[in-house]
Every structure is written in structure tokens, then in C-alpha cells.
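Quick look at what Swiss-Prot lists:
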type	residues	note
BINDING	S45, T67, Y262	substrate binding site
BINDING	D147, A210, S211, R212, D236, G261	NAD(+) binding site
ACT_SITE	R212	active site
ACT_SITE	E241	active site
ACT_SITE	H258	active site, proton donor
Amino acid sequence: MKIVVDENMPHALELFAEFGEVIPLPGRQMQAVDLQDADVLLVRSVTRVDAELLATSPRLRFVGTATIGTDHVDKALLAVRNIPFFSAPGCNKYSVGDYVLSTLLVLAERHELNLREMSLAVIGAGNTGECVACKAEALGMRVLRCDPPRARVAGQAGETDAFVDYQTALGADIVSFHVPITREGPDATFHLLDEQVIAARPAGQILVNASRGEVWDNQALLARQQGLEPLRLVMDVWEGEPEPLRALVPHTEIATPHIAGYSLEGKARGTWMLYQALCQQLGRAARQDLQSLLPAPEVRALTPGQPVDQALIKQLVHLIYDVRRDDARFRNRIELPGSFDEQRKHYPERRELSSLHVNGPFASDTLARLGFTVQPG
């Protein structure tokens with residue numbers, strides 16, 4: 001069996017070698033000729049799986065993406081060809097949640113904000129959006145959930161208060177986007193934040209995009225940011241990746257190269273979920289578990305000496321992941337050719353909050369809800 005994988009997919013060799021020959025290739029440069037003898041194709045979001053890529057792949061019998069989103073895959077084509085398709089829903093939801101939490105704490109310190117007194121709207125309340133919402137609620141924030149497809153289902157079940165509409169959500173102090181990219185239909189998300197919506201936003205409103213770059217109109221944002229009443233932007237994703245609108249970067253609070261979901265656990269979990277799926281597809285028992293893939297964290301345990309407040313939460317979160325390091329690296333290298341993908345390929349080791357065990361009398365439920373492993377007493 002020949003297994004073609006994105007070369008940046010972690011642990012692919014050790015997980016899939018038991019099935020046959022593993023052939024790692026650059027994700028953005030995969031071509032049809034690479035798949036002529038392939039039985040399995042494993043990709044990330046940078047590879048478009050379409051008729052052109054699959055033009056000469058008669059042996060292909062399994063396609064998987066180690067990502068939450070699937071907009072880069074022509075699922076209808078795979079269905080017509082009877083090729084099973086698997087994704088990794090929720091694989092990096094904790095990583096993205098940690099990213100948003102880290103950015104909120106940076107902005108709170110920078111602009112002297114009390115997050116408990118603020119509201120946050122999550123646009124897209126799926127696996128990732130709900131993780132962000134739960135962390136925000138743990139901070140004491142008022143959280144609004146906007147998800148039209150889920151709202152319709154909830155409405156049919158008589159649950160009318162679980163979701164708000166888009167306009168209501170846009171009224172929150174902070175609006176965080178966690179939607180797939182769709183261009184058609186009543187719930188299309190392409191340029192969901194368009195020129196008109198951008199123009200109507202109050203000065204200083206915090207907007208976060210850790211979903212897909214095309215969800216925001218980047219040119220319209222640049223025009224707004226160059227005016228007298230700019231917004232506070234947190235951008236992990238960009239239109240035109242891997243060539244973002246460089247002129248927009250200086251006008252952001254936090255700017256990073258699509259790495260919100262890049263924790264060690266998140267990346268390993270995505271590959272491992274595909275490993276499980278292939279085992280199931282072939283009728284084989286999984287021989288490896290997720291934890292065996294992960295190294296011991298640098299910081300394993302800590303005992304706070306004070307009650308939990310926003311300052312302590314910031315210290316603990318940034319001990320594990322401080323988004324400012326990624327922001328500084330991105331800004332320093334933005335002008336270098338190919339730096340966007342290079343930073344993703346060689347992203348430094350980063351753990352999720354769950355890797356830190358918080359012990360002692362101040363190991364509260366709040367810290368557990370934020371994602372830390374808590375051992376009170």
C-alpha cells in the first residue's frame with residue numbers, strides 16, 4: 001500500500017508505516033502525477049483535493065484531511081468515485097481556544113480591560129467555537145452564540161434562547177469567528193465581514209478571525225484601519241494565503257500565520273484521528289495511542305500562591321502559550337519570500353493548557369474550565 005501524505009503532517013511516518021510505504025510531499029505542490037500509484041491520500045488545508053489532483057489516481061481508496069475544515073476537498077467528487085473520506089473534526093479545538101484566550105489576555109493588559117465586564121460573540125458554535133465560548137464563560141464573560149444552522153435545529157426543538165442572530169452578535173464587545181468557508185446558500189460565509197459590516201463597527205471593537213481568511217474582506221478592513229477610527233484586529237488567517245495583505249499587518253493588534261490550531265496535541269490529534277479511521281476502514285485494531293506520540297512538557301506542574309483572578313490567569317496561560325511570540329515572529333519575517341509557509345512548517349513546540357497540572361488550594365474550577373489539569377487540595 002502506498003500512502004501519500006503532506007510532509008508537514010506530524011507523526012505520519014510512525015503511525016502509517018505499519019500499512020505500507022509512506023511518501024511525504026509538500027502539500028501545496030502535490031500534483032496528479034504524485035498519486036498515480038497511491039492507495040491513500042492524507043492532506044492538510046493547503047492541498048486542494050479536486051478533479052485535477054485526482055485525474056490519474058485509479059487505485060485511490062481513502063482520502064483524509066487532518067483538519068477540522070473540509071472546504072479544500074471536493075467531497076462530491078469523492079462520493080461519485082466511491083472513495084471514503086475522513087476529516088478530523090475538533091482535533092485542534094483546544095489549541096484554537098488557547099490561542100483566543102491568550103490574545104484576549106494580551107489585549108486586556110494592553111488596553112486595561114476587565115474581561116468579566118465584557119461580552120464575547122462566537123460566530124460559528126461548532127467544536128471550535130463552542131470551546132472558545134466555554135473558555136470565555138470561565139473568564140466570567142457574557143457569551144453570545146451565533147450559528148444559523150444550529151439555531152434552526154434548536155428552534156425546531158423549542159430551544160429559542162440558545163442562539164442570537166448575526167446583527168445581535170455583532171453588538172458584542174468582542175466578536176470571534178469560527179466558521180467554515182462557504183460561498184453559496186443562505187448561510188454563506190464568504191466575506192461575512194464585508195465592507196458594509198466593517199463600516200458599521202464601532203471604533204475599538206475587538207474582532208478575531210481564526211477560521212478562514214476569506215470570511216473577512218481584507219481590503220475593506222485595510223481601508224477602515226487607515227481611517228481615524230480603527231478596529232482592534234486579531235488575525236490568524238488571511239485572504240490570499242500564503243501571500244497575506246502585508247499592508248494590513250501593521251494595523252492589527254495580533255497577527256499570526258494560520259497557526260492557531262498548531263499545538264503539539266492538536267496536530268498529533270488530527271493525524272491520529274486519520275490513523276484510527278484508516279484502521280477502522282481496513283478492519284484492523286489500532287496499535288498506537290495519542291499520548292505515546294507526545295513528549296513530556298517542559299513545565300508539568302505548578303502550585304499558585306494566590307486566589308484566581310485575571311492577572312493570575314494571564315500568568316498561567318502565558319506560561320504555556322504567549323501569542324505575542326508568534327506575533328513578533330510573523331511581523332519580523334513578513335517581508336521574507338515564502339515566510340508564511342516557512343513559519344508554519346517550522347513552528348516551535350507549543351503545548352495545550354491541559355499539559356500543565358495546577359495543584360493546591362487555589363486550583364479552582366475556573367482553571368479547569370479554562371483547560372488546565374486541576375488537582376485541588
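Using N, Cα and C of the backbone, Cβ positions are placed for all residues, glycine too.
Positions of Swiss-Prot features highlighted on the structure.
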residue: S45; record: substrate binding site; Cβ neighbours (10 Å): 21
residue: D147; record: NAD(+) binding site; Cβ neighbours (10 Å): 24
residue: A210; record: NAD(+) binding site; Cβ neighbours (10 Å): 25
residue: S211; record: NAD(+) binding site; Cβ neighbours (10 Å): 26
residue: R212; record: NAD(+) binding site; Cβ neighbours (10 Å): 25
residue: D236; record: NAD(+) binding site; Cβ neighbours (10 Å): 26
residue: E241; record: active site; Cβ neighbours (10 Å): 18
residue: H258; record: active site, proton donor; Cβ neighbours (10 Å): 23
residue: G261; record: NAD(+) binding site; Cβ neighbours (10 Å): 25
residue: Y262; record: substrate binding site; Cβ neighbours (10 Å): 23
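Spatial neighbours are here defined as Cα atoms within 10 angstroms of one another, and by that definition the neighbours of H258 (active site, proton donor) among the binding-site residues T67, D147, A210, D236 are A210, D236. A gap of 20 Å separates the Cα atoms of D147 (NAD(+) binding site) and T67 (substrate binding site). Sequence-distant neighbours of T67 (substrate binding site) (same chain, 6+ residues apart, CB-CB distance under 8 A): R44, S45, S87, A88, C91, N92, G270.
Neighbours of the substrate site: apart from S45, T67, Y262, residues of the same chain with C-beta atoms within 8 angstroms of the site's C-beta centroid are R44, A66, I68, G69, N92, H258, G261, G270.
Here the Cα atom of G261 (NAD(+) binding site) is found 16 Å from that of E241 (active site). For A210 (NAD(+) binding site) paired with Y262 (substrate binding site), the C-alpha to C-alpha distance reads 12 Å. Put simply, Y262 (substrate binding site) is 11 Å from D236 (NAD(+) binding site) when counted between their Cα atoms. R212 (NAD(+) binding site) sits 10 Å from E241 (active site), taking the C-alpha atoms as the reference points. The separation of S211 (NAD(+) binding site) from E241 (active site), Cα to Cα, is 13 Å. Y262 (substrate binding site) sits 13 Å from S211 (NAD(+) binding site), taking the Cα positions as reference.
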